[in-house]
Amino acid sequence: MFEIHNNMIDDRIDEIGENHVGTSAKTPLRADAFDISDEEKIAKIQDSVKDILETLGMDLTDDSLKGTPKRVAKAFVNEMFMGLNPKNKPSASTFDNNYKYGEMLVEKNIIVYSTCEHHLLPIVGRAHVAYISNGKVIGLSKMNRIVEYFSKRPQVQERLTMQVVQAMQEALGTDDVACVIDAKHLCVNSRGIKDIESSTVTAEFGGKFKNKETKREFLDYIKLNTTFD
Ligand SMILES: [Zn+2]
């Protein structure tokens with residue numbers, strides 16, 4: 001009985017991963033995630049990567065492979081997954097909207113390089129972020145930084161989209177924020193069904209962006225001169 005139950009849970013976990021279903025809007029981090037330093041993490045991951053490559057039969061005395069475990073470990077901690085650590089969160093400085101610009105502001109084609117948390121393979125695409133100011137404005141490069149920060153985690157595209165919107169809402173003190181992400185998942189494009197052309201679109205519309213016309217206006221803006229190749 002226990003075994004059957006266990007198999008069912010395993011199947012369910014496999015199904016969640018293969019279908020890229022996220023289980024929560026928050027990145028599933030443990031409470032002790034930052035109890036050890038980045039340097040300690042790099043050392044541990046280096047050993048693990050060495051183990052993986054050796055298990056695969058690679059000769060790590062070869063000059064070409066010698067430095068790989070350390071390189072991978074540093075890339076994981078300092079680059080690909082640096083957005084897990086709150087110390088890397090971009091400061092959300094805002095400015096007063098002095099010229100009383102009351103229309104929608106759209107930042108298009110923000111490059112997204114993320115990592116699918118189910119296969120640890122790249123998600124590559126573009127994010128389009130919009131907000132309507134209620135008195136505060138945010139620097140344009142800040143919007144890119146926010147997208148980058150949440151991209152640099154093991155991710156699910158839906159969660160990334162929501163996290164960008166939530167961070168912008170908090171920074172600007174308004175619900176009127178929207179984000180659309182169009183991205184290719186290399187786990188889909190290179191494995192299994194090998195569908196090279198397909199991409200995944202996710203969208204989160206907050207506050208006024210739930211209104212049909214406002215949503216339409218945003219979607220019309222991002223259609224202009226936007227290519228996804
Ligand atoms: Zn995947």
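Using N, Cα and C of the backbone, Cβ positions are placed for all residues, glycine too.
Counting only residues at least six positions away in the same chain, the Cβ atoms of C116, H118, H119, L121 sit under 8 Å from the Cβ of C187 (Zn(2+) binding site). Marked as Zn(2+) binding site by TrEMBL: C116, H119, C187.
For 45-222, the entry in TrEMBL reads domain 'GTP cyclohydrolase I'. In the predicted model, residues of the domain 'GTP cyclohydrolase I' (45-222) average a pLDDT of 93.
Under the DSSP three-state reduction, C116 (Zn(2+) binding site) is assigned to strand.
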